[in-house]
Amino acid sequence: MRQVYLDYSATTPVKEDVLKEMIPYFTENFGNPSSLYTIGAASKEAIEKARTQVAKLIHAQEKELFFTSSGTEADNWAVLGAADTLKAKGNHIITTKIEHHAMLHSCEYLEKHGYEVTYLDVKPDGRVDPEALKAAITDKTILISIMFVNNEIGTVEPIKELAAIAKERGILFHTDAVQALGNVPIDVKDLGVDLMSISAHKIYGPKGIGALYIRKGVKLSNFIHGGGQESKKRAGTENLPGIVGFGKAAELAGENLDSHVAKISGLRDYFIDQITSKIENVTVNGSREFRHPGNANLTFEFIEGEAMLLYLDLRGIAVSTGSACSSASLSPSHVLSAIGVPVENIHGSLRFTVGDFTTKEDLDYVVTELVEVVNKLRNISSISKTKGW
Amino acid sequence: MAMYNDKVMDHFMNPHNVGELENADGSGTYGSPVCGDMMKIDIKVEDDVIKDAKFKTFGCGSAIASSSVATDMIIGLTVDEALAVTNKQIINELGGLPAIKIHCSVLADHAIKSAIYDYAQKNGKSYKGLEGFDPDADEDDHHDSCEVE
């Protein structure tokens with residue numbers, strides 16, 4: 001059976017060139033980078049090379065990049081560190097309703113500890129209204145955190161414009177760019193952001209390694225305490241192979257950005273066209289214009305997402321759903337809810353994300369199977385266009 | 001998928017009794033699209049025995065499997081016997097459901113009772129198993145209400 005992976009926003013496979021670069025750092029070049037002897041120094045050198053590679057991808061200085069265990073840790077560090085550093089100045093944080101849980105749950109934690117958080121609404125296409133951001137700022141606002149690219153609907157936010165608003169008011173600006181990295185051009189200086197979270201496993205690098213960009217001059221309380229690694233800002237023996245892999249993945253992502261975007265956006269558009277022409281009552285969620293090049297978030301009316309996901313899985317196709325029934329909390333996607341998708345339609349949403357290894361033949365196979373799956377489930381369904389509910 | 005056992009998957013992939021009965025003697029719907037699950041069960045009753053049952057379900061894999069096995073279970077039972085079917089029996093018949101999916105079996109249990117309730121209303125009958133049963137109760141929060149079952 002054909003196997004088609006269409007969940008590149010969840011994670012990506014490690015590219016062979018990345019893996020090759022990493023392997024010696026598990027076995028031969030395993031020295032602790034904090035050690036003074038030769039193999040330790042070699043490890044330290046490898047980390048600094050990777051730092052240069054990753055920094056280059058986002059146009060940062062090497063000294064502004066700090067490796068973490070994940071994008072989640074970077075998000076946590078940014079928001080909790082900023083809240084702690086700036087607590088004398090204020091206790092108000094602004095974010096959006098469509099952030100990743102790494103941000104939302106960090107904010108909920110802070111709310112339990114005396115901070116106030118404004119969760120901005122977004123427009124139906126998922127974009128933040130700059131005027132709404134301006135209106136939400138108070139004298140107590142210490143941090144604005146708005147994600148660069150949404151992980152579910154792929155909407156690209158106007159980060160440069162939003163960061164400028166923050167800068168004008170002297171407020172720290174953080175963006176979770178985990179989904180943006182390698183899929184949209186990023187220049188931290190041009191964007192004017194103070195803090196940025198990124199992760200390796202979304203750009204064909206390994207899992208378990210992320211980074212936080214901290215603009216030179218920004219003070220941020222430490223989140224992980226211990227030794228003096230990462231310029232005494234993030235303790236813990238470095239994930240050496242992971243960092244090396246992140247570096248190589250970043251180098252490749254930078255070299256191939258244009259061709260990568262052209263390829264996957266073409267495939268994504270082809271896929272959406274095929275689906276919407278062959279299946280009735282399908283809607284595309286999020287902005288068509290400002291969108292992650294590989295993201296197609298679609299609602300299939302009258303049927304439920306987990307059931308679709310299961311049928312597709314049995315046909316070798318891996319996708320993701322915003323349906324409540326696939327989640328432990330039984331809460332439907334907060335992102336689709338925030339952009340106004342009716343709850344009954346949220347249950348029938350699937351996220352397809354194409355990537356570097358996707359082919360047109362893969363998508364043709366998925367379309368064929370999906371037509372069959374949707375028809376089968378609609379035949380079983382107790383609701384329909386004609387019946388309503 | 002590892003989440004479900006083979007029997008649940010078999011009922012999900014090859015559901016029994018899908019459809020609607022023409023001139024059904026009783027028809028019940030439970031759940032709502034907003035909750036993500038809505039089940040409709042039709043029954044045909046002769047001499048107080050359920051001769052046929054069909055279902056249509058908007059819902060996840062376990063909701064479809066629960067509907068399939070529940071309709072299998074009640075065909076051939078007397079109305080009283082069908083009313084005695086519990087969601088736990090539906091789960092047992094399926095060989096188990098993940099804890100987070102228990103509500104699907106409750107949905108099937110309630111849809112059966114709703115269909116019989118409709119049959120009883122139309123035919124002026126009363127059954128002990130329907131005492132206190134409200135076919136419209138808790139539709140909006142059946143996920144929560146199921147957790148205590």
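Backbone N, Cα and C define each Cβ position, glycine as well.
Values in this document were obtained by computation on a predicted structure and should not be read as measured data.
Here is what TrEMBL records for this protein:
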- A:CYS325: active site, cysteine persulfide intermediate (ACT_SITE)
- A:GLY71, A:THR72, A:ASN151, A:GLN179, A:SER199, A:ALA200, A:HIS201, A:THR237: pyridoxal 5'-phosphate binding site (BINDING)
- A:CYS325: [2Fe-2S] cluster binding site (BINDING)
- A:4-366: domain 'Aminotransferase class V' (DOMAIN)
- A:LYS202: N6-(pyridoxal phosphate)lysine (MOD_RES)
Ten-angstrom check, please: count other Cβ atoms within 10 Å of the Cβ of A:GLN179 (pyridoxal 5'-phosphate binding site), all chains counted.
28
Looking only at A:GLY71, A:THR72, A:ASN151, A:GLN179, A:SER199, A:ALA200, A:HIS201, A:THR237, the residues listed as binding pyridoxal 5'-phosphate, what is the longest Cα to Cα distance in Å?
30
Determine, to the nearest whole angstrom, how far the Cα atom of A:SER199 (pyridoxal 5'-phosphate binding site) is from the Cα atom of the residue listed as 'active site, cysteine persulfide intermediate'.
28
The correct subset of the recorded positions A:THR72, A:SER199, A:CYS325 with a Cβ closer than 8 Å to some chain B Cβ is A:CYS325
Mean per-residue pLDDT computed across the domain 'Aminotransferase class V' (A:4-366)
96
Under a three-state reading of DSSP, tell me whether A:SER199 (pyridoxal 5'-phosphate binding site) is helix, strand or coil.
strand
Below 8 Å Cβ to Cβ and six or more residues apart, same chain only. Which residues does that give for A:HIS201 (pyridoxal 5'-phosphate binding site)?
A:THR11, A:THR12, A:VAL14, A:LYS207, A:GLY208, A:ILE209
When the number of other CB atoms within 10 A of each residue's CB is tallied over all shown chains, which of the recorded positions A:ALA200, A:CYS325 has the maximum?
A:ALA200
At the level of the C-alpha atoms, what whole-angstrom distance separates the residue listed as 'active site, cysteine persulfide intermediate' and A:ALA200 (pyridoxal 5'-phosphate binding site)?
29
Reduced DSSP state (H/G/I helix, E/B strand, rest coil) at A:THR72 (pyridoxal 5'-phosphate binding site) is helix
Among the binding-site residues listed here (A:GLY71, A:THR72, A:GLN179, A:THR237), which has the Cα closest to the Cα of the residue listed as 'N6-(pyridoxal phosphate)lysine'?
A:GLN179
Of A:ASN151, A:SER199, A:THR237, the binding-site residues given in the record, which has the fewest other CB atoms within 10 A of its CB?
A:THR237
Would you identify the secondary structure of A:THR237 (pyridoxal 5'-phosphate binding site) according to DSSP, in three states?
coil
I want to check the contact list for A:THR72 (pyridoxal 5'-phosphate binding site): same chain, sequence separation of six or more, C-beta distance under 8 angstroms. What comes out?
A:HIS100, A:ALA102, A:GLY210
